[in-house]
Amino acid sequence: MRGAQVYRWQIPMDAGVVLRDRRLKTRDGLFVHLQQDDRQGWGEISPLPGFSLESLAEAEAALLAWVNAWRIGESPALPAIPSAAFGISCALAELDGTLPEAADYRAAPLCSGDPDELFESLAAMPGEKIAKVKVGLYEAVRDGMVVNLLLEAIPDLRLRLDANRAWTPLKAQQFAKYVNPDYRDRIAFLEEPCKSRDDSRAFAQETGIAIAWDESLREAGFEFVAEPGVTALVIKPTLTGSLDKVREQVAAAHALGLTAVISSSIESSLGLTQLARIAAWLTPQTIPGLDTLNLMQSQLVRRWPGNPLPYLDIEALEPLL
């Protein structure tokens, strides 16, 4: 016997969350819950505004169509919509035991630029000291000074930086000018510094600062090839599609000798715990980029271990079936 339910949810965000020049006041999404005999599986479908090509309404329509076919015994193909394909494939992988329970709950802490704050979070971090800094939101010179300060203050720190294509080549050079050349090899990578891949490649060549592809992975014509200066691929499953597609991208990165980083699209605690399991399974040597839960004001259905945010269970969700 098969059973299924789809739930709608909304979580208030912290006041300061801005994505692509728009303030994100709430995080809205869907859960799918599948049951077959004595097994069950959950998945999250939460397109990220400004980043996902699909709207939540489009994802919901695709999800409901799939669920209604599945629960009457059919084997429908996964929707083409990435967030729906990812969430459904996670629920199916829990249902059939494909998704291992073991999880990597280490998270590269998101740093606002305050070294004291970062010292504290890194002190509790076992092994490699890795943190992430968003750049491109303020002046490039300020970003360069902050990054330089952090690398100077914490000698065993490696930084992941994310510019979200915010910089012109000139701005990118202004940033690099303020980062001591002796520290640049401790920048693990800088995600997509410039609007075009060619400008980003030139930046890497000119500065010696390694770069990573993120948005590029989802563009038509992107090819998985080894390139000078490119050290990593940042894979956001909610924006990518099914678990199979995520596995293919990780395998392609590893085949080229690149680091593959499983990264958050600001999912709920349920989605983040699944991403932690996917990271432990597919990228066990790499700390995932999942430090986004504290941008939200509560956890849903599954807790992130050790996180003090309030927890809401299924009763807080809106069933759609």
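Note that Cβ sites are derived from N, Cα and C of the backbone, with glycine treated the same way.
Pulled from Swiss-Prot:
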{"type": "ACT_SITE", "residues": "LYS134", "note": "active site, proton donor"}
{"type": "BINDING", "residues": "ASP162, GLU191, ASP214", "note": "Mg(2+) binding site"}
{"type": "ACT_SITE", "residues": "LYS236", "note": "active site, proton acceptor"}
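This view paints the features noted in Swiss-Prot onto the structure.
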| residue | record | Cβ within 10 Å |
| --- | --- | --- |
| LYS134 | active site, proton donor | 18 |
| ASP162 | Mg(2+) binding site | 22 |
| GLU191 | Mg(2+) binding site | 27 |
| ASP214 | Mg(2+) binding site | 24 |
| LYS236 | active site, proton acceptor | 25 |
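In the three-state DSSP scheme, LYS236 (active site, proton acceptor) falls into the coil class. Rounded to a whole number, the C-alpha distance linking LYS134 (active site, proton donor) with ASP162 (Mg(2+) binding site) is 5 angstrom. When the Cα of the residue listed as 'active site, proton acceptor' is compared against those of the binding-site residues ASP162, GLU191, ASP214, the shortest separation belongs to ASP214. Cβ atoms within 8 Å of the centroid of the Cβ atoms of ASP162, GLU191, ASP214 (the Mg(2+) site) belong to the same-chain residues ARG160, LEU161, ALA163, ASN164, PHE189, LEU190, GLU192, ALA212, GLU215, VAL234, SER263, site residues excluded.
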